[in-house]
Amino acid sequence: DQDCLPGWSFYEGNCYKAFDEPKSWVDAEKFCQKQSNGKHLASIEGLGKANFVAKLVSEDQSETLREPQIHVWIGLRDQSERQQCSSHWTDGSAVSYECGLAYPFIC
């Protein structure tokens with residue numbers, strides 16, 4: 001079904017959109033949930049979807065999302081007691097961001 005709201009992009013059964021208003025991880029997730037049909041921050045499974053999301057960010061017309069090495073929130077999160085979003089890549093290296101920092105995000 002390709003019935004996405006205006007401004008959203010369809011990929012493999014879901015609709016996605018980049019938002020350039022910086023929010024914390026929690027606030028970005030809440031924002032996404034308020035969108036049509038209780039959406040969430042984007043989950044990225046596989047290279048195809050990773051490339052699609054990267055293209056969404058690179059094609060966005062806002063100044064914020066065109067900055068070099070911009071961080072964006074996605075649905076990856078494993079919260080520790082210190083309020084950090086952390087997980088691990090397949091090579092074992094850590095991925096860690098302060099969840100309270102405000103970044104653009106992808107629903």
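Keep in mind that glycine also has a Cβ here, set from the backbone N, Cα and C atoms.
When Swiss-Prot is consulted, the disulfide partner of Cys107, picked from Cys4, Cys15, Cys32, turns out to be Cys32. The record in Swiss-Prot lists a disulphide bond between Cys15 and one of Cys4, Cys85, namely Cys4. Cβ packing within 10 Å was compared across the disulfide-bonded residues Cys4, Cys15, Cys32, Cys107, and the lowest neighbour count falls to Cys4. A Cα-Cα distance of 8 Å separates Cys15 (disulfide bond) from Cys107 (disulfide bond).
The two recorded residues, Cys4 (disulfide bond) and Cys32 (disulfide bond), have Cα atoms 14 Å apart.
DSSP classifies Cys107 (disulfide bond) as coil under the three-state reduction.
In the three-state DSSP classification, Cys4 (disulfide bond) falls within coil.
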